[in-house]
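Per TrEMBL, the features are as follows:
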REGION    1-44  region 'Disordered'
COMPBIAS  1-25  compositional bias 'Basic and acidic residues'
TRANSMEM  100-118  transmembrane segment
TRANSMEM  138-162  transmembrane segment
TRANSMEM  195-219  transmembrane segment
TRANSMEM  239-261  transmembrane segment
TRANSMEM  268-286  transmembrane segment
TRANSMEM  317-339  transmembrane segment
Amino acid sequence: MSDAERDTSSAEGNAERKGNAERDGTVPARNPAATGAGHALDQHGVHTDPAALQELTDAADAEPTAGVGADGAVAGYRAGRTLRLGVELRRQLRRRRTQLVLAFVALLPVILVAAFEIGEASPNRRSGGFIDLATASAPNFVVVALFVSGSFLLPMIVALYFGDTIASESSWSSLKYLLAIPVPRHRLLRQKAMASALLSALTIVVLPVSALVVGTIWYGTGEAISPTGDSIAFSDSVLALGLATLYLIVHLAWVAGLAMVLSVSTDAPLGAVGGAVLVSILSQILDQITALGDLRDFLPTHFSFAWMDLIATDVEWTRMASGALSATLFGTVFFLLAARRFATKDVTS
């Protein structure tokens, strides 16, 4: 027998004799509590002694919990303080695309003036359509600026702000980090939508204000002339143009909602923006098909130019009311769909 085997056999024999001695009472049995860190451990090293478990529980309760709130969140964390509206607005205003859009809208009236000056428009024209009356006065010039931009430019701008808001974060892979701050999903979507809505409203307002300033310089503060021959005082026409601008903001809510749905459904910002613009163009094309009859009333763009009824001595409010109601319904449905889609969107990929 080797030395190692003899040592092992001797150790086993000593352990057996010690155990027999403890059972016979010759040697005092070991107290588990006296083993310190070995409090009643089972074969897997897990505490089974109730007294030891209570000690561990008391020790855990005694640990400082100042860093954790009652709801389990880190102390000081408030969901309502995440992604504040002012922060998001400043961030969007610093983006080059926002600055270029605002600059283009502000310069558009100057481009229109240059076009009329190069052409053969007569500043004394008092009859014809709105385009023919563009140089009659500053209010008429504002009407033309809104008219030429209402079918494509303004819907595209609204689609840009709303379609880019979530999709761009996804494409930059920053959306999952925003949600991990954590910013609640419903708050993230709401703050993004509110910032986009304010930017859209600002851009839409810049256009008539800039057109009014440029028109006043070039064409004066004369009366607004409607194609039917009605003359409206300058002050009344400015009020009418303000209402027209407000109507456009409300009417384009359907574009905003649709762009938001597409934005939460794709990681490609251009896809979301382009999709909303294409739907707007398709709706305008269908609206020109008279064979559809009354079905055209259900198209979201059917009442796009209802605001032009304001340029008259006797204002007809029916079409504007219908347009505002239609846009509100479409916008509400689209925003609800966007919220539902975003609540289950996979942002980990």
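Keep in mind that glycine also has a Cβ here, set from the backbone N, Cα and C atoms.
Contact check: the transmembrane segment (317-339) against the transmembrane segment (195-219) gives fewer than three Cβ pairs closer than 8 Å, residues 6 or more apart, which falls short of the contact criterion. Same-chain residues lying 6+ beyond the ends of the transmembrane segment (195-219) with a Cβ under 8 Å from its Cβ atoms: 85, 88-89, 92-93, 98, 101-102, 105-110, 112-113, 123, 135-142, 145-146, 149, 154, 157-158, 161-162, 165, 238, 241-242, 244-245, 248-249, 252, 256, 260. Long-range contacts of the transmembrane segment (268-286) within the same chain: residues 151-152, 155-156, 159-160, 162-164, 167-168, 171, 255, 258-259, 262, 292, 296, 299-302, 304, each at least 6 residues beyond the stretch ends and with a Cβ under 8 Å from a Cβ of the stretch.
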